[in-house]
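Q: Per Swiss-Prot, the features are:
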REGION    1-110  region 'Interaction with M2-1'
REGION    110-183  region 'Nuclear targeting and binding to host importin KPNB1'
MOTIF     194-206  motif 'Nuclear export signal'
MOD_RES   T205  phosphothreonine
Amino acid sequence: MESYLVDTYQGIPYTAAVQVDLVEKDLLPASLTIWFPLFQANTPPAVLLDQLKTLTITTLYAASQSGPILKVNASAQGAAMSVLPKKFEVNATVALDEYSKLEFDKLTVCEVKTVYLTTMKPYGMVSKFVSSAKPVGKKTHDLIALCDFMDLEKNTPVTIPAFIKSVSIKESESATVEAAISSEADQALTQAKIAPYAGLIMIMTMNNPKGIFKKLGAGTQVIVELGAYVQAESISKICKTWSHQGTRYVLKSR
């Protein structure tokens, strides 16, 4: 079993984001990825990660109003595991690599292949951008963050677009507002990091946010969900080799 620690916050308590790569113990084993609901931990990350290696997990492929899901049951040994969520559901669209190998409504025991632990700031200091492109009231534009990374292994640039929020702006003022937002963002954003959770996430740490970012609060870590952005086997490599170079902001008319 492999294990990886992505450390974005050094302190206790911290918010733990745990993701696990699994293979079903089945005649036609499917590969899948599940992630636990965020939880707050007081155990040193190295100890928590070590106890996560004792995980036993079963999954059940099911349906819901929002689409296919995986129902997850988990157990593990160790005192730190008392705070670990034991029953939860995850989006099957992100979790599953191979739909054709899954049996509907069948409880399946899984073998844990890889455990990822990402540490973030404590509750109250972690926020999330909701990645929704649905119309919101009379909003006219979407604020998009273009996060630039460098793949240090291949020495190639990678840009990830992330939806931030919807805003109301007159078309004649959009260029001026976009410039102002860019200036505010330069002061607000200090760093971004890729981490394995819900497929893949980007963690942006805010510092002295102003204007459109001021509600986020100084020092807040913001999660941007990227979903099934890459194949599961590439996640650990990306977390190690992608370096944040900078973030640009653009306004896109709805």
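Residue positions begin at 1 at the first shown residue.
Glycine residues also receive a Cβ, built from the backbone N, Cα and C atoms like all the rest.
Model, not experiment: these values are computed from the prediction.
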Q: Ten-angstrom check, please: count other Cβ atoms within 10 Å of the Cβ of T205 (phosphothreonine), all chains counted.
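A: For T205 (phosphothreonine), the count of other Cβ atoms within 10 Å is 19.
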Q: Give me the mean pLDDT over the region 'Nuclear targeting and binding to host importin KPNB1' (110-183), rounded to a whole number.
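A: The answer is 75, the mean pLDDT of the model over that range.
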Q: Per DSSP, what is the helix/strand/coil residue tally across the region 'Interaction with M2-1' (1-110)?
A: 20 helix, 54 strand, 36 coil
